[in-house]
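Read the structure below first, then the notes.
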Amino acid sequence: MSTRYHQAASDSYLELLKEATKRDLNLSDEDGMTPTLLAAYHGNLEALEIICSRGGDPDRCDIWGNTPLHFAASNGHAHCVSFLVNFGANIFALDNDLQTPLDAAASREQNECVALLDKAATAQNIMNPKKVTRLKEQAQKNARRQIKECERLQEKHQNKMAHTYSKEESGTLSSSKGTFSRSSPSNASAPGTFGSLSKGIKDTFKIKFKKNKDTAEQVGKEGRSGQRNVMEVFREEEEDSFSGDFKEKLQLSAEEDGSVHHESILNRPGLGSIVFRRNRISSPEDISDSKREFGFKLPSELLQRQGASEADEGAADEEGEENGLKDDLPWDDDEVEWEEDVVDATPLEVFLLSQHLEEFLPIFKREQIDLEALLLCSDEDLQSIQMQLGPRKKVLNAINRRKQVLQQPGQLVDTSL
């Protein structure tokens, strides 16, 4: 299974690898990968050195027979290949395709790794040919064992998948059988139910058939006797009852119409004794009626002046209300501008504006540099994007000041409002 040491070997987390034991460093996951294989695969030389120094096996392979040398050579990690060769890893090891690390590097066109492995193989053949022969025999023996183990794992996996598939199929069939079996107890009482149901259906059919038969006989009689008279359609009793009911309904409707009283529109629940202001000027007829009602006469000029003053007061009140509403608003309608389409400034734009360096924004946008990338840039990086000396110094000075402020933010104090 995969452990934290596998992840540490992949990410080159050295502090955690220094705490690992020999068992932890040689533990395989579901693909047969050990921390040694992962470090060689990713080209993490420092992690590979720590793992091998703490007991990691440099000749351990995965389920496909790939050793750390195979991974390092095929991925072009020449520094890892050199370390493994010097550490004593078997350069003649074979994978399940019977390929050596030299063959794997050649298939990937890793020329530097091919040169290192060829030089090491030549040196070992010259120095100790017997050891080379023994290493090749051991590699072939290990390759045969690895191939058998891989075939066994594949067969086991296929059997497991077939068993899972058959189990799912049997589960589906058993569930359908269970559905049928659960419906069988209800079928046990079916004879009585079906008997009563069939009896009811038969009775219904008999009634329907009898009714249809009577209707057919009646129609036949009418057809033989000819067309019926109009007086035969309604009976006398029905006519009397119909006329009596109709007369009663007419009397009730007349009484209801007489009792209906249309109330005023102002007589509504909840309004109480609210006084509604009259917004119109009195007409001459109303004025003349009021003269006759109160029994005194007013000069027509006075009434005209009074009506004009009331109209002026009403217009002034309306204008005052409108002006009051406008004065209560905390903003000016003419100056309000909707900013729905305004895009927020990026952190890079804010940083450059705060340092008065906004003229360099197009250069950084052209190179797709954001604020995080800018903080990682050095003088050589800025020079590589063809920035002049003066702008480079300004940008680097602003970056240094930002880093100093972030490192020493200062103490937070309360301020008086």
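Residue numbers in this text run from 1 along the chain shown.
A Cβ is built for glycine as well, from the same backbone N, Cα and C atoms used for every other residue.
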- line: Feature phosphoserine (Swiss-Prot), candidate list S184, S283, assigned to S283
Task: Among 130-164, 200-234, find the range that Swiss-Prot records as coiled coil.
output: 130-164
Message: For the repeat 'ANK 2' (64-93), how many residues does DSSP put in helix, in strand and in coil?
response: 17 helix, 0 strand, 13 coil
Query: Do any residues of this chain, six or more beyond the ends of the repeat 'ANK 3' (97-126), have a C-beta under 8 angstroms from a C-beta of it, and if so which?
result: 65-67, 69-70, 72-78, 81-82, 85, 91, 132, 139, 143
Field: Residue distribution over DSSP helix, strand and coil in the repeat 'ANK 1' (31-60)
entry: 17 helix, 0 strand, 13 coil
